[in-house]
Each structure stands twice: as structure tokens, then as C-alpha cells.
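Listed in Swiss-Prot:
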type	residues	note
DOMAIN	B:540-666	domain 'STAS'
CARBOHYD	B:250	N-linked glycosylation site
CARBOHYD	B:418	N-linked glycosylation site
TOPO_DOM	B:1-110	topological domain 'Cytoplasmic'
TOPO_DOM	B:155-158	topological domain 'Cytoplasmic'
TOPO_DOM	B:180-190	topological domain 'Extracellular'
TOPO_DOM	B:235-270	topological domain 'Extracellular'
TOPO_DOM	B:292-296	topological domain 'Cytoplasmic'
TOPO_DOM	B:318-352	topological domain 'Extracellular'
TOPO_DOM	B:374-389	topological domain 'Cytoplasmic'
TOPO_DOM	B:411-422	topological domain 'Extracellular'
TOPO_DOM	B:468-482	topological domain 'Extracellular'
TOPO_DOM	B:504-677	topological domain 'Cytoplasmic'
TRANSMEM	B:111-131	transmembrane segment
TRANSMEM	B:134-154	transmembrane segment
TRANSMEM	B:159-179	transmembrane segment
TRANSMEM	B:191-211	transmembrane segment
TRANSMEM	B:214-234	transmembrane segment
TRANSMEM	B:271-291	transmembrane segment
TRANSMEM	B:297-317	transmembrane segment
TRANSMEM	B:353-373	transmembrane segment
TRANSMEM	B:390-410	transmembrane segment
TRANSMEM	B:423-443	transmembrane segment
TRANSMEM	B:447-467	transmembrane segment
TRANSMEM	B:483-503	transmembrane segment
């Protein structure tokens, strides 16, 4: 080649950097001349130390990510082993840390918040238990044990724990496929407890092995779509209670539910249910409207459901409306949570299915709780420890599954009330749990006459909060593909099932990531005038191309089996296009394309297919008298090239530290060759 | 903040680039002063045009990738429509292009190559048909129609088309689950034809929609492992023929086959089969050894199988060995391929399964053919058009399925023979097909006495070529993860099944890609002394960190839901570590960490979760009095930041064109502030 023959000609240097590069080409001949200050840049590149091997990296990863971080090494050596146990305990139970500084004035605030929370929680829990296909008391149980466990282990100060609408829907819609709750409620309940155990176990495992990233797989957009779809599905399910219907579909999709409602309305039904339900729904929505107008009146919407329950129950009891077809809750078993250890079904033939439902519930519950917890933590200016949160959620659900609870998590609506009511610590959760416990003992008899329509209207009133229209609009403005994920989750939940909605959303999200790896963009670069910066010529239309040079940047973190052929073909096509243009314009061969510079600054790794593709690229270009130059290869890439002896084939002098260096050397060599001619 | 208050103080400039950056901060005040030559770099960044929208990109992608490239626009406008049709035809049938220049001296070479090919092909085809669970004639049929179709449409000049061992094994092992070939060979055959049709249809669709990348999903490493595993499985299957066993397992894994062989050998068996098979196996292997020693004697290994068949058949015929327990092929139906259109089973209850088998066969067949074709094309110095190859393969298999053939593809062993025999064009395939056709008419009666042991030894002799030990060693040296893929494919095929082996290999390959997106590396950067280059401080230990600055580079092409939280947490952890060290060393606050520079040059896109994570990062850093600076954001990322109004929150003056610019401005502002103090 023209250029390499130049490496031994003497050149007068203008620019230090240019000199460095040329020197590299003949650094074997007069190596000693280069003073340390003028060391050629590319020699730095070639002489970099070996990157850590895969095993070293794996061990490092496990040490930093899976094992707990041991930051307090100095303390450990000083302290005794009993203190070590205490510090471990403190790490697992944050209550031991902040509990000591807990003061009376904090408790006053927490007490108020806890009582407000309980007044919202009791009717909601009964309603959600109904949604989950369980008897009302199980909702109340779920508002006792999990909040107590969470308050000792959780790191959030605002999160209000208990049953939530979406998880209740999820459970009932998926467990129903295994066991019908109407024909055999006991068997159904056993499966629900087992699912709860699995959900807790999965959550604890995620926390223990720091697999918190699994929660991230459900992107924000997917969650917005999923929640909105679930809200509509839940709302439609409530039509059963609101209209007091008896025959109702088991399916959750819109079409089945609407046709079921339509058919039922043709049969005789009791309009009184609807009158009670809708009038109290209007009352609760009005209360919420007032609360939104004036933030100080936050307790009005928080109390409204309880007031509605009390009023509606009194009306039914006094007017004896039960005899006129108003459906009532009837018997609620009084007393605290009962042990349910012996009800767990580890020998069920559906164990795989149960574990799967547990996994899905675990992820949905965690995603919701962490999203809610994180947003309130950001407002108060502290950071949530995702892994500890998962541990806390896991243990609270395991404990719950042993004490007749179903899957609990952090609820958005109740956390917002807790926050508005001025809670300071998770003590508000303890207050709430104790209040619910007392009411389980005292109030259950009173709830006998509560109309089911009122429960439907309480659930319905909570739904608008799940539909985040402004969030969806924001996503539409920002990212169309994210919006597609949202829409897929929404319509998937609405028209197919909860699982299909989730699967679609996660599938599209990952397809997008895969696509960016399979079809990376290859950008032509140009120099921004009077700088050493090379930019995408589409992004910077003022960037100058250098004649005889083609500078391309590979924008993929891996040059691997999935994209190596694509990248090679794209580069060869670009070269062919340029050569085609040159032939049309009848450019002389010596003024034509001579060098392809490959900017590999974004490529983090390369596998055997990638190395092979680079080798083929080098050969094909060489057969067209074009030189392949690699600029700014990363550590591991360079190491692989050395291993594959590709640096010898491409020649070490064709590997440069930066694109600028490579271009400068080419331009200089070219102008010198013209001078020599 | 200290720094931003500096933006309106007057500074004497030493360095042009530094001046540019400072000017950006107050470019609203004296904008007109900047001459075009001294335009601040970051203004270029901010004023870049809008990137193409998703729709524009999608349309562009379809235009360039899915629709055929229309390069000859000028010709088209000049020529008549009949010429257009002709050029389309020429594109679909390359034979129309090169056929006109075909000369007699080329034909001489092709004739020789074709005849050599046929002598190898006839015994191999019978053996592979046996492996596929079909009668011998179907292997011969498959060596007639597909090569003829391929020769008109294919772009490779060396590829020898016909049945191959791996695809035959794949077909029999998967179709066997749907239909046993022994109890109902006709039904089995119908399913095989339908699978062949689906395989062809998938291949044609891949070619038509330019989905060639699907073939890349089976990486080179996976293929090496898969082929080696398949070779061993095929070899074990041949023990049946070699020992003349009657009872044999249907499964393909090592354990079942070996135990089956072990059990069978306890029953009486005919050692004569083994004597014939193994002696001719030694003969064929010897012939191959001679051929390898002297390249001119390539025809010896090529002819050896046919010679063995002829000799063995004669021996059996003359010695009447059949009566002494030697198993023979018996009846082969004479005559050409028969139509099998009416045998395709599109109404089968297993249609989904059949289509799946078709898809797997299509991909395996294509992967093998394209790998073989590409390597020989590289030797001869031309490029294979992957999409045209897939079209050709697709149509040849569709045609095959209509004419009693099973899945055909390019065979490595026969292509090598074809190449050594000096073939010039695909005419050698035509010669081979015609020869096989003639032998179907003439030779089938002769093959009645061919012992099955000889077929087993022919297949066995082809297997060592499938086991690429040096390739595996190369992969081990180059990339441990690729080797893991290889091992997974190998042991998966060996101990479980063909499908599980493939699934494992593809799964691990993709998990690796996903992992690089989910857990991208975040590198701390330092300046290489006396340059503007910032490198990973692990790669370049001599790189200098600037006090008060933390420069981090995100090495992921997407800042998205799957990694946004991870990246945010990693950055915040790095900041906390530095602050912890500063506290230990009791560094003054004003000398402590003040700026975090985020080098986003590798981030190609950002979704809503990514934007949100950046926003949170900015807030959390701001609450610690640390400024977030974004350096060299890409086109689309910058656009998204603008859309999300994040550029206003972070402030436009904190977005820089390069890391160097950002660092320079910080250093300058800091030293000026010290001077002012």
C-alpha cells in the first residue's frame, strides 16, 4: 500500500499529535528517540494491562452485588461479635435503628395518620377481599399481619401496607382457572394462601440475591397501561355488586363481562342495590373532590368510605331493606387472624401453576410498592433501599400466608392518605394494624347488614387514581415505542387477560432492547471544523468528510453473533456505494477511497463471530486495496483482537487511539506522497 | 452554585476551546460578538436538526431492507417494460446472467465435478434417507429436484445440494414424536413432506422479507457445539445398522441409545454385519487419509463410498450372505420422483407442531448452507447474497415437498468434493442431478443386495468432518462465554434432545446480549496527560482524575427501563463513595466533589424511564450541591431531553459537546474563583 511505504520517509512535523502517530509506524526503528512526554498515544493503547478475566469479573460481581456490602470494616475489627450480631440485626430490622430516637411528638402524628388510614383501610380491605374471591374477614386479616411485619423491616416511612385492587384482581382471575371459588371456597382459599407463600418467597429471594432488577422489567409505561386496563376491568367486575347481579362471568375481559351484564339485566334484578351503591359512590367522589380542592381537608375523602359503610349499614338495618332484595355482606367471622400453616398446598398437582401465579403476583406487587414508595421517598428526600424493601415485602407475605392473609403490598391510595395525614414513620402502619385488629373483634357483628353495593362503590371510587391519563400523554409525547408498550398492556389486559397484557408489554419492551443490539446503527462521521471532534454527519450537517477516507462508528455495545454479519455487510455496502459514485464521477483510483476508519469507541465486547466478521471485513477491503483502520478500541475488544492475532493481520499500526489521530496521519501521509510525486 | 454565578464574570482566555464553553454560558448576552469561526462547540450541539421521527425511520428501514434495492434507476427509465421484466427475472434467476457466457471449457470441468459429486451423493443419499426414517429412494429423489431448482436461483458456485446428516437426524427425531415411521411409514412420510413444505416456505419468507438475520441467531459457537453433538448422536444411531440390530430405541440421547445397544447385544446378533460394515469403514477412512495427503487424489475419497457399495453388494450377492443374517436394503422403487402434492397434510391436528419442526429445520438447513457457501465464496473471492440464497433454498424445498423430496440443503462434505473436483458453476449440480436421475432408473435393481451395514459405515465416515475440535479450541481461547454456548449446545443435544440443545445455546447467547443491556458497565474516566482524550482509568492507569470532578461513561446503547435504575444507583453509589472518602480525609467542602460529568457518547437512545432516571439523578445530586453535567449526548438522546424539558432543568449550559470541554470549563471556572477569593 501507498501509505505503509511512507513510514520510513522523513517528515517535518507541524503537529505533535500527528508526529506521534507517524512515529508509531516506525517506532521499532528509532524507538529510543521518543522522550516520555512525546510518547505516541497509540502505544498507550497497545500497552494497556490485561483486562480482568471472566472469573475475576464474576467473583467481583458476586462480591459487590449478591453478598451484602460490608462498609463498616473498621468498626467490625474494633467491636465484639455481639455488636456484629446487633449491627446485622439493625441492618435487617431498621426499626432497631430509628426506634431508639422515636419521640412522643412523632407518635402523635403517627397516631392521627394511623387512625385515618384505618378508617379508609377497613372498608377497602373488605371490598378487595370480595374482589379477590375471598370472604370479607380475609381482607381485614391482610391489613393486620403484613403491616406489622413490614413496620419492623421496611425502609419506607410512608408506605401503607395491605391488600390492593390490582393484586386482588390478579389473584382471583388466575386462581379461578385452577379452582372455582363458589363451588369450593375452602380449596380456593388454600390455593390463595399457597400463592401468597410463593409470592413472599420469590420477593424475599429477589431481595436476598439482589435481583431487584427483575422488578424493572415491568417498565413505567407498561405499568401505566397495565394499571389503567386493570382499573377498567376491576370497575366492570364491580357492576355485579352495584347491580346486585347473581349470574356473572368468571372471565375478566371486557367483552365477556359486558355481555354477562347485558344478559343479567334482562333477568329480574333489584334496582335498590344500584340506588344505594350509586348514591354513596357520588358521595365518596364528592368528598374526594373537596379533599382535592383543599389539601387540609384530606381527612374528608379518607373518612368518606367508612362513613358510607356506617350510614348504608344503618339504613339497611333500620329499613329492613334486605327483604327487598338488597344484597348484604352477612356473616363475618369475628376474631383475630388464624394460623393457616396447615392449609398450604405444597403437594397440589397444580404446584407449577401456583408458583407461576405467585411469581407474577410477587412482581406486580413489588413493582407497585416500590414505585409508590420511591416517589414518596423522593418527595421527602431520602433513598429507598430496593433490596431491603423486597426482603421486607417477602417476609411480610410469607408471614401473611401462615396467618390467613393473601398477598399484601403498598397501596397508592392509602399511602397518599398516610402522607397527607402527616405520618412520620411506619408506626402509622402499626396503629392501623391494631385498629383493624380491634375492629375485627368488635365491629364484625355490625358489618352483617352492610350492603355489598357499598363495597362495589368504594372500590369503584378508588379506580380513577389508577388511570394516569396525563402520564400516558407524557409518554406519548416523549417516546412512541414506550406508548406502544403502554397500549399493548392496556388492551391486552382489557380484551384478553391480565397475563397476556403483561406478556405483551414485557415482550415489546425487550424486543426493543434486542433490536438495538441486532440492528445497531452505523454512522458516518465527519470532523467538526477546527476541532478534533468527529460527529455523526446527520447530527452535525456542518461536519466535513475527508476525501479518500470513510469514517464509520459502530453503535452497539457488543459486536457479536447477532449483529456481526449485519455490521460487516453495512460497512461493505457503504464502501460499495462510495466506489460506485466514484466510478460514475470517474475519480482517479489514487484519489478514491483508500482507508476505512472504524470508530469502535462504543463497542464494549466482541465474541468469536465478531472477531471473524472483522477478519472478513479486513480481507474483503484489502482485496479492494482499501485499508481497515480501527480507532479507539475498548479494553476488552483490544484484548480479544490480540488473542485472535487479528492485530497482526490488520497490523498494529492500523490501530489508533482516536479517530482524529488516524485521520491526521492519513492526511499527512497523503499530502507527503503527493509532494513526493 | 459557585460555578454558575461565575458565568457573568469577565475572564481572560488562554485557550480558544475553553473560551467557547464559557461563552455558551452567557451567549445570550453578547451573542453577536462571536465570529462564525469561534462559534461555541456546544451551540452546534444544541442547534442540531431534529432527528427523523420513528415513522420516517420505519419507512426508511422498510425501503432499504425489505423492498428490493432499485439501483438501476437510470437503466429503467431508458428501457422498455419487457426489459424490466427481463432484469427482474435475471435478478431472481442468476442463471440467466451467467448462462449466456457459459462456455465449453467450463462445462468440461463442471461435468467432471458433477460426476464425482454423483458418485459420492448416491450412497450418501441412501444412507441419509435411512437416517431420516425414509425408504432409500427418497434420499435419491432429494438429490434430483432441489439441486436442479437451486442451480437456476442460487448465487453460490460451489454449493452441492442434497440431503445432509444433521437435518435428516433432526427430522426423524422430531417427526417421530408425532408419528412412528415403523408402524405407519406412509403417514410418517406425509408429515415429512409437509415439514419440508413448511421449511421451504419459511426459508422463502426469510429471503423475501430480508429476515436473514434470523439465521445469525445460531452463533458460530452454537453451531460448532450442535454439529459435534449431532455427529455423535448420528454415529450412535448407526450402531443399529453396523451391528444389524433389530430392536432399537427411538430416542436420540446418548444414554437411551447406549443402553439400547447394550441390551440388544445380549440378544443373538449377526457379527457378519459388523465385519462388512467395519471393514468398509476402514477402507473409506483410508481413502480419505490418502486424499488428504495428496490433494490431487481428491477423487479417491470421493469415489470410495460408491466403490464400497458396489463391492459389498457384489460380495453379498455372490456369497448369498443374506441367508447368513446380513441385512440388506431390499426393494428400492425404480423410476423418477413422483408428485406428492396430495400428500401434504395441511389439515393435520399436529399442524402447529409440523410448522415448528419446519421452522427449526429451515433455520438449521440455512445456517449450514450459508456457512458452507460463504466460506467457499470467500476462498474464491466473491460475495454470497444471503437473501437470494434463502429464496433459492426456500423454493427448492417447496418444489421438493411437491415431488417426494425431504429437506435438502448445502452439504459440507459434498461441497468440499465439488470444490476440489474443480467445479466452475452450479452446472455441476445439474450434472449430479441428471446422473442420480439415470441411476434411479437403472441402478435401483442392483441396490437390492446392498448391505445396510455399508450405509451405516458411509454415514459414520462423514461424521468426523462435523466435529470441529480445533474450532472449539479457538473459541475456548477467544471467548469463554462463547465456549459455554458451545458446551451447552453439545451436551444439550447429546444428553437431552436436539431441540433442547438448540434452545440452550440460543438462550445463553441472548442472555448474554440482554445482560450487557441490563447491567452496562459504568466507567470512571481520566484525562491522558497532555491530550484531550479521556480514557477508562482501569484501561489507562496513567490517566489523571481532576479533583472535584467525577467523570463517568455509560456504556449502554439504551438508557431504558431495564437499566435506568441500575445506572442511577451506580452513579449515586460512586458519588457516595467519593464523599465518604472525602469525609475520612476531612477534605474541605469547597475542595470536595462538585461536578459529575456523564459521558453519554455511547448512549444511542433513551426511553421515558431513562429520562426519569436522569431527572432523579439531577435532583439527588443537586440536593448534595453537586452539579450534573451531560457530555456528548447523541442526537436522539438530546432530542428526548429537549422534549422532556430536561435540558431546562439540568440547564442547557450543563450540556457539553465533549468531556474535554466540560472539564476545561470546570477547571477554568474553579481557578478563577480561587483567584477571586
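Positions of Cβ are set from backbone N, Cα and C atoms, glycine also.
Note: the stretches the transmembrane segment (B:483-503) and the transmembrane segment (B:214-234) are in contact (3+ CB pairs below 8 A, sequence gap of 6 or more).
Three or more CB pairs closer than 8 A are found between the transmembrane segment (B:390-410) and the transmembrane segment (B:191-211), so contact between the two stretches is assigned (pairs 6 or more residues apart). Sequence-distant contacts of the topological domain 'Extracellular' (B:318-352), counting only residues of its own chain at least 6 positions beyond either end whose CB sits under 8 Å from a CB of the stretch, comprise 126, 135-137, 141, 144-145, 178, 189-191, 193-194, 197, 241, 244, 270, 272-273, 276, 401-405, 437, 440-441, 444-445, 447-453, 455. Two recorded stretches are said to be in contact when at least 3 C-beta pairs lie under 8 angstroms, sequence spacing 6 or more; the transmembrane segment (B:159-179) and the transmembrane segment (B:353-373) meet this definition.
Contact counts against the transmembrane segment (B:134-154), taken as Cβ pairs under 8 Å, peak for B:423-443 among the stretches B:214-234, B:297-317, B:423-443. Here the transmembrane segment (B:191-211) has Cβ contacts under 8 Å with residues 65-66, 132-134, 171, 175, 178-179, 340, 343-346, 348, 350, 354-355, 357-359, 361-363, 365-366, 387-402, 404-407 of the same chain, all six or more residues outside its ends. Through the fold, the transmembrane segment (B:423-443) approaches residues 95, 98, 102, 106-107, 109-111, 113-115, 117-118, 121-122, 125, 137, 140-141, 143-145, 147-148, 150-151, 154, 156-162, 334-336 of its own chain, all at least 6 residues removed from its boundaries and within a Cβ separation under 8 Å. Contact counts against the transmembrane segment (B:271-291), taken as Cβ pairs under 8 Å, peak for B:297-317 among the stretches B:111-131, B:214-234, B:297-317, B:353-373, B:447-467. Across the topological domain 'Cytoplasmic' (B:292-296), mean pLDDT in this model comes to 80. Packing around residue B:418 (N-linked glycosylation site) is summarised by its Cβ count: 29 other Cβ atoms lie within 10 angstroms of its Cβ, all protein chains included. Outside the topological domain 'Extracellular' (B:180-190) by six or more residues, the chain places 133-135, 138, 172, 250, 343-345 with a CB less than 8 A from a CB of the stretch.
Listed as Cβ neighbours of the topological domain 'Cytoplasmic' (B:155-158) (distance under 8 Å, sequence separation of 6 or more from its ends, same chain) are residues 94, 373, 376-377, 380, 382, 384-385, 388-389, 392, 410, 415, 418-419, 423-426.
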